[in-house]
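Look at TrEMBL and you will find D532 tagged as active site, nucleophile. According to TrEMBL, the active site, proton donor annotation covers D600. If you look up TrEMBL, you'll see W249, D416, D417, R496, K530, W531, D532, C533, N534, C578, D600 marked as substrate binding site. The feature domain 'Glycosyl hydrolase family 36 N-terminal' is assigned by TrEMBL to 100-336. Annotated domain 'Glycosyl hydrolase family 36 C-terminal' per TrEMBL: 695-781, in sequence order.
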Amino acid sequence: MTAFGKVSSCSRCSLVSTTCFSEKKYSPSTAPRFRSCAYSHELHPILYFASETYYLTPMRFLLPFLLALCTGTLLAAPADSLITVETEHTALVMRVTPHGDVSVVYLGNRLQQPADYQTLPVQPAQGQGYDYTELYNSAYTPAGSRNLLEPALRATHADGNPSLDLRYVSHQTQRLDQGIRQTAITLKDPQYPFEVVLYYKTYPEVDVIEQWSTIRHRERKDVVLHKYASANLYLPAQSYYLTHFHGDWAREMNPREEQLSEGIKVLDSKLGARADLFQPPSFLLAFNQPAHEDHGDVLLANLAWSGNYKIDFEVDPLHNLRLIAGINPYASEYYLPANQTFTTPALVYTFSSKGTGQASRNLHRWARRYRIPQGQEERLTLLNNWEATYFDFNEPKLTALFKDGADLGVDLFLLDDGWFANKYPRNDDHTGLGDWQENRQKLPHGIGYLVKEAQAAGVKFGIWLEPEMVSPKSELYEKHPDWVIKLPNRDEYYFRNQLVLDLSNPKVQDFVYGVVDDLMTKNPDLSYIKWDCNAVIYNAYSATAKHQTHLYVDYVNGLYDVLERLRQKYPTLPLMLCSGGGGRVDYGALRYFTEFWPSDNTDGLERVFIQWNYSYFYPALATCNHITEWGDQSLKYRTDVAMMGKLGYDIVVGELPEKELRFSQQALQQYEKMQDVIWQGDQYRLASPYEGDVASLLYVNEAQNRAVWFSYLVSERFQAGSHLPVRLKGLDPAKKYRIRELNLYPDARTPFGEESVYSGDYLMQVGVNPQVNGRRSSVVLEVNAVE
């Protein structure tokens, strides 16, 4: 028997046992007793053996360590070492303990001297108390054994054991293209052939990190995954302020900031296909004070997953914040076979010590450069027929609208819902989904004819699809009821009079891919697709699934497989992401879509707020803003609001008065001249619509010689307006800038003349009043450097 000396079991009072227990036997009949710690007043449980006692340590419980010592088989544990994941301005630091635990010890500004990371505390502590498990700040908290808090991973092994223990094995960092780096940390269970790899992909220039995990095993039977988070962060601060967003159809992205207290705050979705209908997987965390645009530590994040999600914010007993984000395990236990890998979606996040403005600019740059297809290329302005015709149209009506679009000056005409199905024609929203053939009565010459007619009129042609959905009254439903997500022996429940196709089924994936591919093959000049998704998943059941609990996960992965195939074949095809508005907006879907539809609510005033809140996470070139008849604001106001992002129209051009038509034509011409600044420039939110009468924001190009400044009246109170100067941001203080007003009616006057020239320093330190009031309810100003 191997003897050993004193082993400390409490960092404060050093309760010890000096006898190896390999030859002792625990007597379960002995009543458990406790001994009080002389310093912390904690009670240490005592295990009784045949001749000696052993005091369980709150730190480790010491069992693996003592067993190894007693048998002479102690393996060399990794030295207390650091794993540092860095961008240009941010560092995430993890520590590997001698016992093989990996813990998060720092997330914040990058330190200039790497050696300084060695002085970081092993475990940030606050207030009074003790981490009984040493897992509070785990980089990926396993369930069972000694964990007492919310886990990142919970599983049942093939033998029925419901616990996990994850220990460090190795890590490596790879240099990828474009300066991107990827760090992989391998963890293994010491008792089971079960492995987790934590991935951290960094984009140094834009200070963004993607974090996800993979799970794999070599056990004899399936391992059941009960929870499988993407990321587990530990964020100590004095106080925590969470901003999350909620809403419903036509009222997306309403912010709510709240201070987190002890316990767990959960954001989640169980809706399936249209998962973000009530709240998106995007959030903002501010530390030590409420979020501010220009100062303070903040974390902006989005879970890149287009399905059910769950994000836990747990303030632990030491008042530190644990963040766990990933797929919602609700009704989604996953049976993982041996030698197969389960990959979680990524949590995309950026840290800023300069407030939400800088954090947003980080995400915008990342999205344009690395995530959104053609993110640094131009977009198409368009005219949609929906407001003009709804379901009631034919070829003569549409060809007349082509000419209207060309007269207006847009790039493309988009044909919306209602062009398909014959046995059950799509004349309203009750029929036809799934039957993607041109309706012969409405379009006797087919889509190809419309493409050519549009080109002849001077515009490109795009089309609306909803390929994930099916109408109960359709030929597809009659032929393939087993392709539909619906419960056996239950009534069907419909959302917008439709059901969802089972994209966990490979045959359905092929069908959905074929809908788009067939349309593009027959019409190679088709220039744009609007992909809609109007239903949540009711009646959750797959007729072909081996495990029903896989449906929610496999549906999204099936959708991504379809989109990946389409992107491989049509890499430059513009795709709009729509889900009855903003029901599916995340950076998982935006890997495939060039832009998204924020809301069906196009009221100009409402859109100021909706677009403002999307701007925290998404760049302007991806945000589709259309001018419609919704709302009682002036055409100018609605136009100015739509110009905040990617401009489009849903109006009856032929019914515009001559004055408004000329205004719209000129506005489009001006937009074309400044769209590169809006789409590719840095955005600065200057005045919040939640804090005053006026919302104001600015786009500045990289050279700091061109900027576009938008201001909107958001109050109807008497004498509401911009009564004080607004300070600009992001300009060069040494440059001179001329301010010129845009989007004016032909006979309108402006207070900004040729003499409106200011230094960048003056504009940022003193500011200028945009002169927003009841008569000038929206103002667009061009701010250009004077040579």
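Backbone N, Cα and C atoms are what each Cβ position is placed from, and that goes for glycine too.
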*Given the recorded positions W249, D417, K530, D532, N534, which lie close to D600 (active site, proton donor), meaning Cα to Cα within 10 A?*
W249
*Lowest local Cβ density (other Cβ within 10 Å) among recorded positions: K530, D532, N534, D600*: D600
*State the mean pLDDT for the domain 'Glycosyl hydrolase family 36 N-terminal' (100-336).*
96
*Far apart in sequence but close in space: which same-chain residues, 6 or more away, have a Cβ under 8 Å from D417 (substrate binding site)?*
W386, F391, R426, D429, W464, E466, D532
*Cβ-Cβ neighbours of W249 (substrate binding site) (radius 10 Å)*: 18
